[in-house]
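Comments concern the structure below.
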């Protein structure tokens, strides 16, 4: 976004999004580490999660208490999970090496900036489509695939009456589109001033949702096969979150002929998709840090150093997630730090500040100045009314239907664990009101004068050629005197 935005918008929303994306970078990489671990173990003649190695002549009581090999592998080998959050246990060194490997990979893909990352993404973003097509062709030829696909495309409309469905849908959309994280804004800051960001927004939405819809056929064809093999309803094998990627799908591929091939393809695709998301998150965070001090510390390798510090700090925090109690820590970060609750809060205030503080009409004029034509008026109504109302509505639903965090429905987090989670959530959510109060207190004059000063747009010298004559010179300042967060709103 190459617009002159007011101080209060920059600081309040910028710091909040930086906190959220930092937390997201910290815990999301664990999905890559787990995927990398599974990928390594896929290159075997027999998948290690296809059998547990226990004797087959079990008594009825032993059989009733037995667990499937894939759950044994996931909880005892990958996680080596402990009894609870208060029992961290020892470090899983195999997972630590996998975590270190993916962080090193992320570093060397991001350290030179968007030009080098963009070339890598040409492969990491397109090859998963090849894998998805291969898996779809294989999936639809399996017995039970038709039932799985019908289960997917014939929804249960009665579920729309449940608040949790709307909460999950809103959370997924906001997280999938990286709304509120500031990452898209950071990447957009590298575009030319006249880049058609309005058209890009529609293209992004179509590709994102289209890919998700297409991937659903791949997933549910496999789930339909797994349900047919076990003789159960599809709803009993459908998982969400880590359970789908590391329990349901590995179990399905273990039932296929040439299982190691399909397992390797799936986890390689999962690794590439995760790397794409991690690239965007790290790039967005580092861009924000560097733009925070645009004319200072012009060290030759300042970007490489900033990326190294970011990756190293996240890796140190991630060590808590490769212990025996690491899964409980991971869920705390996932549920509180960068969840739908914080993203909904962030996006609500983005809409309020852009539409009501900066001004929706002024923002429409700025976009028109950039792309050469005015966006459809519907966009202004979305910024002003529809999106903030939807965000706040789902946010209130989330609070009203709040339930204590659990793991596998049987372990309930202790009160102090939930307190830590709320601290993670409030660390970003409080950035907005605290920043407003702080800068209003520091400003001079009456309340009205302070508010007008903090909400006056700031334009930079390199925007002069794009400004219309009605822009006052007082709103144009030197880059070295005012910090302009061009890449983090």
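Residue numbers in this text run from 1 along the chain shown.
In case you wondered, yes, glycine gets a Cβ from its N, Cα and C as well.
Unlike curated entries, TrEMBL annotations are predicted automatically.
What TrEMBL lists as Na(+) binding site is 176, 208, 273, 276, 277. Residues annotated as disulfide bond in TrEMBL: 52-60. Here TrEMBL flags 12-40, 91-110, 122-146, 166-190, 202-227, 261-293, 305-323, 343-360, 381-399, 419-441 as transmembrane segment.
Contact counts against the transmembrane segment (343-360), taken as Cβ pairs under 8 Å, peak for 12-40 among the stretches 12-40, 91-110, 122-146, 261-293, 419-441. Ranking 12-40, 91-110, 166-190, 202-227, 419-441 by CB pairs under 8 A with the transmembrane segment (261-293) puts 12-40 at the top. When Cβ distances are compared across the two stretches, the transmembrane segment (91-110) makes contact with the transmembrane segment (12-40), since 3 or more pairs at least 6 residues apart fall below 8 angstroms. A 10 Å cutoff on Cβ-Cβ distances gives residue 208 (Na(+) binding site) a total of 14 other Cβ atoms nearby, all chains included.
Ranked by the number of CB pairs under 8 Å to the transmembrane segment (202-227), the listed stretches 122-146, 166-190, 305-323, 419-441 are led by 122-146. Pairs of Cβ atoms less than 8 Å apart link the transmembrane segment (12-40) most often to 419-441, out of 122-146, 166-190, 305-323, 381-399, 419-441. Non-local neighbours of the transmembrane segment (166-190) in the same chain are 1-2, 13-14, 17-18, 20-21, 24, 114, 160, 197, 200, 204-205, 208, 212, 280-281, 283-285, 287-288, 291, 338-340, 342-344, 346-347, 350, 390-391, 394, 397-398, 401, 486-489; each lies 6+ residues outside the stretch with a CB under 8 Å from one of its CB atoms. Same-chain neighbours of the transmembrane segment (419-441): 7-8, 11-13, 15-17, 19-20, 23, 332-333, 335-337, 339, 341-342, 345-346, 349, 405, 413, 447, 450-451, 454, counting only residues six or more beyond its ends whose CB sits under 8 Å from a CB of the stretch.
Among residues of the same chain six or more beyond the transmembrane segment (305-323), those with a C-beta under 8 A of the stretch's C-beta atoms are 22, 25-27, 29-30, 33, 82, 88-92, 95-96, 99-100, 103, 106-107, 110-111, 282, 285-286, 289-290, 299, 329-330, 333. Counting only same-chain residues 6+ beyond the ends of the transmembrane segment (381-399), those with a CB under 8 A from a CB of the stretch are 163, 166-167, 170-171, 340-341, 344-345, 347-348, 351-352, 354-356, 360, 363. Counting only residues at least six positions away in the same chain, the Cβ atoms of 124, 128 sit under 8 Å from the Cβ of residue 273 (Na(+) binding site).
Sequence-distant contacts of residue 176 (Na(+) binding site), defined by Cβ-Cβ distance under 8 angstroms and a gap of at least six in the same chain, are 208, 212. Other Cβ atoms within 10 Å of the Cβ of residue 277 (Na(+) binding site) number 19 in total over all chains.
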